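Here's what TrEMBL has on this protein:
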- 53-94: repeat 'WD' (REPEAT)
- 95-136: repeat 'WD' (REPEAT)
- 146-177: repeat 'WD' (REPEAT)
- 178-219: repeat 'WD' (REPEAT)
- 263-299: repeat 'WD' (REPEAT)
Amino acid sequence: SKYYKPLKVFQLSSRYASSVKFSPDGTKIVLLFLSQKTIEIWDAKLEKKMHVLSDYSSTIDKLQFSPDSTFIASCSYDRIIRLFDINSGVEQLRLEGHTNIVKSICFSPDGKNIVSASLDGTIRIWSVQFGQEIKRIKYLGFLLDVKYSPNGEQLISLANDTIIRIWDVKSGDMIDTLKGHKSQVSATQFSRDGLFIVSSSSDETIRLWDITSRAQLKQFYLNYNMIINIQFLEDEQTIVALHNHDKILRLWDLKTGTEIQQLQGHNKNITGIDVSPDGNIIVSSSIDETIRLWTLVNN
């Protein structure tokens, strides 16, 4: 069974990170500071700051590493998607065209393209090599999130409603919907093997879906605040979940639908979570101005 214990605590000196992410190769950690409109890239092993990206005039919404860990992409309220070189911290590319706030970005699994979702009601796919839009999908409503499937053939999107939409990347057509949540879907995540989707909603449920049959496999009632971030562990059956306005990280077993561990240590609301590529470390950020690392102990 999975069990994590505290590993390290980093103090951030009178500021807090609103999100935290591991690079796919596990060597870097990126922190987003909303109030300062800055991004910091840290060396995970040396535990030291490498670069500060601060050329922003508006709020930064999301961050995403490229699959090969060479670039980091950001989207912000100024409607611009930026790509930075990880090692130099230098901006390499700007993608412009959205007419409203860009809420979500995601690299394709091969790193060649970026997909974005915006309040302008479009999903757009961009070529990283050529720095231009190569496909546009129109949707009547605000789009809040978009993700590539692990095989790169499909997208899932969230809007301000109860439905998870599945799109075909090549055709741009919506090929299916996942319906069942009773109120707005707050978070989704593909399993690492791409066979399942886990979702959460303000209806206070977690739901597990089969990506092939589109069937809902399981439904768990939380009985407290909705989940705003979900990450699969490498066993594909355990998730770490961040609940809205919560100081505790919670591990859930998807087979039994039970909460199997609580990670306690933060004394104010947690703002972000991520899992290292090997699944051995969980990282969390909090309003308490700390970054905490939790390490796997095999029972």
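Just so it is clear, glycine is given a Cβ too, placed from its N, Cα and C backbone atoms.
Note: TrEMBL annotation is automatic and uncurated.
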Mean of pLDDT values spanning the repeat 'WD' (95-136): 97
Stretch among 146-177, 178-219, 263-299 sharing the most Cβ pairs under 8 Å with the repeat 'WD' (95-136): 146-177
Beyond the flanks of the repeat 'WD' (53-94) by 6 or more, those residues with Cβ under 8 Å of it: 19, 21-25, 27-28, 30, 32, 34, 36-41, 100-107, 109-111, 114, 116, 118, 126, 128, 131
